[in-house]
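First up is the structure itself, then whatever we jot down about it.
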Amino acid sequence: MLKKISNGHQAAFLYIGVLFCAYAVVLNFGKQLYCDVTSILLNVSIALIMLYRLKMTKNLNSYWVWIVLGVIGWVVADVLWAGYNMSHENSSLEALFFIQVIYFIPFILFLAASVAIFIRSNKSGLWTQALIDAGVILMIYASFFWFVVFDRDLSFVLSTDFAFHLVYIFVDIVMFCIVFIVYFSVHTMKRRLSFFLCLAALGLFCVYDMYYSVMTANGKDLTNTNYELVLELVFVLFFLAALHLKRGEVRLKFRKNREDFHRILINKLLLLFVVLAFAIVISGKIDLSWGIFIMILMLAYAVLTHSISSVRNNQLLIAKEQNVKQKLDKMIEERVQELSQTNKRLKQLSEYDFLTGALNRPFFLLKLEEMIKTKALGENIDIYSIDINHFKSVNDSYGHYVGDEVLARVVKNIKSVLPKNSLLARFGGDDFMVVAKQKGDGYFREFLTRLHAAISQPILIESYKISLSAKIGISTTATSEILAEDLIAQAGVALNSAKKNTLCEHVFYDDIKDMIQEQNYIEILLNSINFDREFRLNFQPQYLIEGKKLIGAEALIRWNSPIKGFVSPALFIPIAEQSSIINSIGKWVAKEAIKQMSAWNQKYATALKIGINVSPKQVDNVNFASDILGFIKEFNIDPRCVDIEITEASLVNAEEIMQSVLGVFSQNGISISIDDFGTGFSSMSYIKKYAINKLKIAKELVDNIASNEIDKDVATSIISLAKNINVKTIAEGVEDATQLEILKSCGCDEVQGYFWGKPMSAAEFEELIKSSI
């Protein structure tokens, strides 16, 4: 216990210990006055130290106040008693009665402290068990006094001398009941040491006073005997309890009361038997009737307490079960909420684009189908297919983080101008889709203006200001019989048309519907065409500009459909390039052109060149190079008489396969020309890189060479640069003498055009060969 007392309190502990020992000495060897003075000094010191400790630990507002007041009250009574002893001869019976009343006040204060402790510690509300405990203890004490102390003599009980002691005994029994109940209700492991010492002091005080009252009633004077040390030990226990008080301890709540009821019952019975044995030893006699009564009482107490314990156990089990059920219900509720949140999140992910918050494609299709089916008479469903122009450059220039933020801002801006009954979806990348349900035909044109304005609104992200534009394809329907996929496809077709037209921001599907249907019809015809019957080759002669010497021809395909008639190459070639049929057409052209030119060169002993136009898709075909080389070998033509014409864009976007094919052609002596040079990138770097042999100056430049100085300067620059890198030039579309003279003055090597020769049939070109020999 000393180890738990801080160094600051050891002096007080030693001081009280010395006073207690001094009191024990004077009690045995000193006079009455010394005993009274030492006792008063000891109790005053204990009261003051306790009061100081209560103030320092902020425990004044508690049952400790009643205990301190009780100790102080006892000191006051001791002082009065000492004064009474000093003036015994002059004292009256009234003074003695007054002192006895003063001694009764500490009992009331200790009883108040006991009641406060009981109320504070009893958390389970076991009032029934408490009443039974109190009743049994009262009956034990009452029977003990009746059978043993009073020896069944009622006159002794009713005597005036004992009546006052009977009041003390009653208070002692009540306090003992409270201590007994509290001790067995508060969990041992949860008790605080100060609280335990306080209970021990109160219990010891009850036992002391009951014994004192009985002995006094029997005429035995215990004043100034060693028995008085027991009383001082009570106050010392209060002192030790105060030393162990923690700051604000009395405000701390007790945890739940003990629930091991059967063990508590056994401990209670053992303690009661110990108390009874102690009472028998002290009294020195035993009454058989009292013994039988006690046995019956203890048996009844055990049965009642066991029954109450069983009921309480069942209540606790039910409470635990309900608690478990509540916890399970709470867990289930939390789990349901989690599942609800998860389902909500999954629904969000399944219906919306996580980056922008717009609808995703599958959910948009469902909503669009629903809008089409529920469309009212007179309502139109308008689809706007949106593609942000050059958005890839935003990602490349600013990073994907900025790009993602830009997309989110674009969606926000578009939503701000959306009309009612409209939806916005992101189909992936920078492709968006808007659907609106409106009455009337003119609304969508007004909405388009606001839509373009929303998209082009500058976006500020950190220190970047980003401006965007978009191409939009629009499709509309007034019928509910159309499929959602078809309506979206129509908007996609319109968007593709808008993307091909640099001067147009948006295209309506209705405006290009006839053209699309015509293209689809041509595609169907192409897929069922008989190449040898419907295709033929025309040949446009190519001349040296000096001397007008025939040097070759460009093979030009012509299609005469038995169903549609003549179809312009400008119409069917782009359509063929969108499908794999361009490979078959290109292969047929190359074979027929090489075959025809080989026959003419062998027949007329010439070395004319044949120019063959090649689509980028043909180059991507793994068999393209081997097919060309195979035709050259099959028809025994000099590879130098074959000229492969490719576009500028093909070289700029060249992939590894393009580089490989051009390398194979170059190694085998096949010349390579760039068609329509001057209208695109016009870069000389890739010309040298890929060993280009000839540049074909675009007809667009030649058309304006006589009237536009810029076009003339461009053509002159091309010719000059080509000569510097030892590359020949040929001008396309020369249609008059002025153009010819300008090109000749610029140093152009070759010409091709209507002025010297239109495209002609094989028979006509053969006649031209004959006339040029």
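Each Cβ is built from the backbone N, Cα and C atoms, and glycine gets one as well.
Note that TrEMBL annotation is computational and uncurated.
Per TrEMBL, the features are as follows:
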| type | residues | note |
| --- | --- | --- |
| COILED | 314-349 | coiled coil |
| DOMAIN | 379-511 | domain 'GGDEF' |
| DOMAIN | 518-773 | domain 'EAL' |
| TRANSMEM | 12-31 | transmembrane segment |
| TRANSMEM | 37-54 | transmembrane segment |
| TRANSMEM | 63-84 | transmembrane segment |
| TRANSMEM | 96-119 | transmembrane segment |
| TRANSMEM | 131-150 | transmembrane segment |
| TRANSMEM | 162-186 | transmembrane segment |
| TRANSMEM | 193-214 | transmembrane segment |
| TRANSMEM | 226-245 | transmembrane segment |
| TRANSMEM | 265-282 | transmembrane segment |
| TRANSMEM | 288-308 | transmembrane segment |
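Below 8 angstroms of C-beta separation, residues 1, 4, 67, 107, 110, 113-114, 117, 141, 145, 149, 165, 168-169, 172-173, 175-176, 178-180, 182-183, 186, 222, 227, 230-231, 233-235, 237-238, 240-242, 244-246, 249, 282 of the same chain, each at least six residues beyond the ends of the transmembrane segment (193-214), sit close to that stretch. If one looks beyond the transmembrane segment (12-31) by at least 6 residues along the same chain, the residues whose Cβ comes under 8 Å of a Cβ in the stretch are 2, 5, 38-39, 41-42, 45-46, 49, 224-226, 228-229, 232-233, 236, 239-240, 243. The domain 'GGDEF' (379-511): residue composition by secondary structure is 60 helix, 43 strand, 30 coil, according to DSSP.
Confidence over the domain 'GGDEF' (379-511), given as mean pLDDT on the 0 to 100 scale, stands at 87.
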